[in-house]
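Visitor: Handing you a structure now.
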Amino acid sequence: MAKMFSFILVTTALVMGRGSSALENCLQEQARLRAQVYLLETRVKQQQVKISQLLHEKQVQLLDKGEENSVIDLGGKRQYADCSEIFNDGYKQSGFYKIKPLQSPAEFSVYCDMSDGGGWTVIQRRSDGSENFNRDWSDYENGFGNFVQKNGEYWLGNRNLHLLTTQGDYTLKIDLADFEKNSRYAQYKNFKVGDEKNSYDLHIGEYSGTAGDSLTGNFHPEVQWWASHQRMKFSTWDRDNDNYEGNCAKEDQSGWWFNRCHSANLNGFYHKGPYTAKTDNGIVWHTWHGWWYSLKSVVMKIRPNDFIPNIV
């Protein structure tokens, strides 16, 4: 009986030993497989990062080569409300991008100036007189011009300006240059454009800069009542909303926030060189060059008041 019991104990021990060994082998195999899966996942993530970097580098290379005839493709990862969001997402190359303001029904192309601290949405550009700015209400409402070349002239459109500037507080910066290779700028806090019902009226806040404050008429109290553009409705030759007995848009050949008529008109007729005019229908910024000098180039651009510039 004792021998039988002893045999059973030995047999049981052998079986248990084999089972324990099998379990240990199974656990080791599981650990090995988990390590392999983790290694594969890590490699996949590394490859995804490399692919993203290569795509971004390719975009930069295309721009550096001057291939500007297309909007920069960001891969459809997300929609951006303005150029500041694109900049903050890591895209630091100036060029045309697609944006979609919060209330906009669709995306549209715009030039993003990623210099000068970055994140600027360009709403207007004058550079060579290649575009006709003597347009009707519909053209100014919807926008027009060259949305392909980086120095192309365009107006982003009053509807788009309204959609952009009602989604937050924006700063307007105006870069000006004359034919003598001098440059100045004017900057306004809280730039806002009203809706269609209010004829896309202009609202601007505190001024700073080197070109003088031509938009509010503060340069001379006696002319402010007729020269200020503050709260003025937009006018075109076929939609006269100014305070003048005549039609400022017809006389000055452009659409603008005219009063009686202006101390600034950045959409005026492009004169290809310095001139002495009988009328003030050129690209005018009175506080820098007066009413009778037409500027060589203008860029109007906006970004949020609270944007933190890139100081590089």
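The first residue you see is number 1, and the count goes up from there.
Even glycines carry a Cβ here, placed using N, Cα and C.
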Visitor: State the residue range annotated as coiled coil by Swiss-Prot; the candidates are 39-60, 83-104, 215-236, 237-258.
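Guide: The range carrying the coiled coil annotation in Swiss-Prot is 39-60.
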Visitor: Reduced to three states, what secondary structure does DSSP give Cys248 (disulfide bond)?
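Guide: Going by the DSSP assignment, Cys248 (disulfide bond) falls within a helical segment, counted as helix.
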Visitor: To see if you understand the setup: which same-chain residues, six or more apart in sequence, place their Cβ under 8 Å from that of Cys112 (disulfide bond)?
Guide: Cys83, Ile86, Phe87, Tyr91, Ser94, Gly95, Phe96, Tyr97, Gly119, Trp120, Thr121, Val122
Visitor: Around Cys261 (disulfide bond), which residues of its chain at least 6 apart sit with Cβ under 8 Å of its Cβ?
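Guide: Within the chain, Cys261 (disulfide bond) has Cβ neighbours under 8 Å at Asp242, Tyr244, Cys248, Glu251, Asp252, Asp280.
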Visitor: Around Cys248 (disulfide bond), how many other C-beta atoms are within 10 angstroms of its C-beta?
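Guide: I count 25 other Cβ atoms within 10 Å of it.
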Visitor: Kindly state the mean pLDDT of the coiled coil (39-60) in the predicted structure.
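Guide: Averaged over the coiled coil (39-60), the predicted model reaches a pLDDT of 60.
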Visitor: If you draw a 10 Å sphere on the Cβ of Cys83 (disulfide bond), how many other Cβ atoms land inside?
Guide: 27
